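One structure is given below, encoded as structure tokens.
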Ligand code: ADP
Ligand code: MG
């Protein structure tokens with residue numbers, strides 16, 4: 001689960017990390033109070049969306065101006081005009097995709113006089129099975145580009161979970177960033193603070209880009225991106241409340257209510273499959289025959305008729321879907337349950353697009369019989385290859 005920058009900063013502040021003061025603007029009426037709470041002389045107005053690259057982003061609407069999603073204002077009046085320009089507009093950044101994201105929240109914070117910008121993140125490192133810091137002197141820019149062009153400028157500091165963060169980790173971090181004296185001490189303290197916050201809240205990623213040195217010699221977290229491990233959220237009900245559903249795909253939210261593993265994709269063929277491996281094979285074979293899948297969907301091993309109906313509704317609600325492929329191997333899952341689920345769903349929502357069903361495994365004959373006798377316009381398939389070719393042909397026949 002991802003959260004907004006202002007929420008991440010509030011969390012880090014609670015753990016004692018150096019974060020500039022600021023106030024969130026959740027509705028237009030919050031603007032005056034939020035701006036007044038920041039003393040200036042520079043106010044930074046920041047779009048709050050779950051995507052990076054906001055500074056260099058562009059708004060779709062001309063009224064929002066050309067200045068990007070993070071703006072420096074020299075007066076409270078200017079800050080106010082930025083708020084009015086950005087609120088409710090659509091920001092396109094390198095990470096949002098071409099459609100962009102609507103800015104429904106803003107954050108106004110005190111401007112910092114920046115001397116240097118660094119990159120610092122903490123993540124779960126699969127090779128060591130522990131938390132690692134990743135640091136670079138090349139902050140404020142795209143870290144993937146730095147990793148590709150100057151891999152020697154990326155430093156990884158692995159932390160043993162048995163000891164947790166130790167002073168030597170902090171010293172290594174300071175050295176990696178070229179910090180000495182008091183700034184090295186601040187870096188050491190920051191590493192301990194961030195590690196504590198990371199572990200205590202079950203984060204899966206924490207990215208500070210940029211971490212800055214101010215002109216008066218202070219380390220500060222100027223940006224903060226936090227993701228939590230969703231499997232651990234049950235331990236943190238207060239963090240679950242930070243979830244912003246407007247940032248998530250509606251179909252994915254609906255799927256999560258039914259415990260369906262669903263990921264929206266860009267193509268035209270909706271897929272309903274049981275088992276993650278079979279689902280991936282299904283996406284591959286659709287691509288092999290020249291079309292693109294509209295989603296990944298694993299209905300799971302023991303899906304009920306209700307779950308199958310919900311899955312089918314989610315797929316058909318997607319206007320991009322021009323055809324549906326149901327591919328079920330009945331192991332624990334029984335083919336007749338799937339057949340009944342599909343029929344119930346088709347009856348409930350109607351079928352506007354071609355539907356190919358491939359069933360195999362437990363109760364397959366019963367499943368096929370139910371579908372054949374349903375009177376619905378379903379194209380049966382013998383195997384995965386046949387199914388993929390049939391749905392691709394059906395989708396193309398419609399174009
Ligand atoms: P993003 O990574 O989404 O572009 P950032 O929060 O990193 O957003 O902001 C982009 C840039 O704007 C930063 O690299 C920094 O140069 C500048 N900036 C952000 N916040 C402040 C601030 N409080 N004071 C001064 N400059 C800021
Ligand atoms: Mg940033």
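The backbone N, Cα and C atoms fix where each Cβ goes, glycine too.
Just so it is clear, the model here is predicted, and its values are computed rather than measured.
The ATP binding site annotation in TrEMBL covers 46, 53, 54, 55, 109, 112, 117. In three-state terms derived from DSSP, residue 53 (ATP binding site) belongs to neither a helical nor a strand segment and is classed as coil. Less than 8 angstroms from the CB of residue 53 (ATP binding site) sit 93, 94, 95, 96, 142, each of them six or more residues away in the same chain.
Sequence-distant contacts of residue 223 (Mg(2+) binding site), defined as residues of its own chain at least six apart whose C-beta falls under 8 angstroms from its C-beta, comprise 5, 207, 208, 209, 210. In this structure, residue 223 (Mg(2+) binding site) belongs to neither helix nor strand by DSSP; it is coil. Under the heading Mg(2+) binding site, TrEMBL lists 209, 223.
In this structure, residue 332 (substrate binding site) belongs to neither helix nor strand by DSSP; it is coil. Its Cβ placed at the centre, residue 332 (substrate binding site) has 13 other Cβ atoms within 10 Å. Taken from TrEMBL, the feature substrate binding site covers 274, 331, 332, 333.
The annotation domain 'ATP-grasp' is assigned in TrEMBL to 9-254. Across the domain 'ATP-grasp' (9-254), the model assigns an average pLDDT of 95.
Among the binding-site residues 54, 117, 223, 331, the residues whose Cβ sits under 6 Å from any atom of ligand 2 are 223.
According to its DSSP assignment, residue 209 (Mg(2+) binding site) is in a strand.
Each of the binding-site residues 46, 54 was assessed for Cβ neighbours inside 10 Å, and the highest tally belongs to 46. Between the binding-site residues 112, 274, the minimum number of other C-beta atoms within 10 Å of a residue's C-beta occurs at 112.
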